[in-house]
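Q: Pasting the relevant annotations from TrEMBL:
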BINDING   H60, H62, H132, D200  Zn(2+) 1 binding site
BINDING   D64, H65, D200, H256  Zn(2+) 2 binding site
ACT_SITE  D64  active site, proton acceptor
DOMAIN    186-257  domain 'Metallo-beta-lactamase'
Amino acid sequence: MIKVYFIGTGGGAPNKRGLPALLLQREGLYALFDAGEGTQQRLIDSGLGFMKIRVIGISHLHGDHVLGLPGLLETMGMYSRRDKITLLGPSGLKDFLLEVFSRTHFQPNFSIEFRDSYEDADVRITKFKTCHVIESYGFLFEEKERIKIDAEKLRSEGVNDWKIIRLLKEGKRVEIGTKVLIPEDYLVKKKGVRIAYTGDTAPCASVINSVRDVDLLVHDSTFLDEKEAHDYGHSNSKDAAEVALRSNAKRLALIHISPRYDDATPLLKEALKVFEKAFLPEPFSYYVIRD
């Protein structure tokens with residue numbers, strides 16, 4: 001099970017929705033994508049906290065996406081963090097942080113690793129290019145393919161012994177009387193959950209190709225119907241819906257809503273005309289994806 005927490009769903013300038021911040025939780029892994037101003041306070045207010053975060057992805061170096069990061073890391077240090085944290089982001093991210101740390105006289109007491117991707121035994125997080133006005137990336141969070149036992153098939157054949165099931169999962173043949181159970185006959189491959197976060201982007205082929213068939217697409221939806229949206233490197237809500245449709249996403253979450261919209265319902269209505277499984281997440285809400 002993966003929980004997607006919408007910490008901040010607005011963009012541009014501080015507003016009631018909060019600046020961009022998305023937290024994904026899968027078992028013990030917490031991954032934060034973007035950290036606009038005020039992110040650490042919103043994490044505290046949500047009751048989630050931030051000390052368990054192991055990976056942070058920053059889409060680009062515009063202030064509304066990154067200015068909350070130095071303070072977040074410095075507070076982690078103040079609270080005596082010792083665990084390594086992995087940072088993914090654009091080429092200037094390391095220099096930005098080192099400059100802020102130097103000017104604020106902060107020396108991290110934990111390891112900060114700058115990488116292009118993150119991978120452990122169960123999850124892979126990679127970057128993909130988006131179409132913004134500066135160097136910018138989205139992030140693809142993927143569970144790895146898993147091997148599972150077809151328990152229903154075994155039960156239909158009268159096999160319920162967990163010891164036998166364990167041996168089959170380990171790839172071992174099992175003899176029951178005159179019958180031989182072959183692992184390949186009962187093992188099935190199960191695809192993992194895939195979630196894409198675009199950060200800021202205009203609609204473009206590179207994004208569509210990168211997010212194909214995701215279970216959840218979290219896409220820039222800054223404007224309702226702004227003719228210059230693409231020139232600003234942003235999307236209208238209808239654009240986000242078209243990307244979801246063309247990429248065969250299962251669900252679409254509209255984020256990075258401009259502060260000009262006190263009521264963002266019209267943006268959702270426009271998106272729903274194109275993609276019926278779009279939704280407008282409320283700040284501090286969460287979405288659960290079960291495998």
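The backbone N, Cα and C atoms fix where each Cβ goes, glycine too.
Just tell me what is around each of these and how deep it sits.
A: There are 27 other Cβ atoms within 10 Å of the Cβ belonging to D200 (Zn(2+) 1 binding site).
Taking a C-beta cut-off of under 8 Å and a sequence gap of six or more, D64 (Zn(2+) 2 binding site) has these contacts in its own chain: G11, G12, A13, L19, P20, G36, E37. Look at D64 (Zn(2+) 2 binding site): DSSP puts it in a helix.
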Q: I need the neighbours of the Zn(2+) 2 site defined by D64, H65, D200, H256. Which other residues of that chain put their C-beta within 8 angstroms of the C-beta centroid, in sequence order?
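A: Residues close to the Zn(2+) 2 site, other than D64, H65, D200, H256: G11, G12, L19, P20, D34, G36, S59, H60, H62, G199, D220.
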Q: Do me a favour and check the Cα-Cα span between H256 (Zn(2+) 2 binding site) and D200 (Zn(2+) 1 binding site); whole Å is fine.
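A: Cα to Cα, H256 (Zn(2+) 2 binding site) and D200 (Zn(2+) 1 binding site) are separated by 8 Å.
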Q: For the binding-site residues listed here (H60, H62, H65, H256), tell me which residue's CB has the most neighbouring CB atoms inside 10 Å.
A: H256
Q: Which chain-mates of H132 (Zn(2+) 1 binding site) that are at least 6 residues away have a CB under 8 A from its CB, listed by sequence?
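A: Counting only residues 6 or more apart in sequence, the Cβ neighbours of H132 (Zn(2+) 1 binding site) under 8 Å are H60, G199, D200, T201, A202, G233, H234.
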Q: Using an 8 Å cut-off from the Cβ centroid of H60, H62, H132, D200, can you name the remaining same-chain residues around the Zn(2+) 1 site, in sequence order?
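A: For the Zn(2+) 1 site the neighbour list reads S59, L61, H65, T130, V133, I134, S136, G199, T201, G233.
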Q: With DSSP, how much of the domain 'Metallo-beta-lactamase' (186-257) is helix, how much strand and how much coil, in residues?
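A: Secondary-structure breakdown of the domain 'Metallo-beta-lactamase' (186-257): 17 helix, 20 strand, 35 coil.
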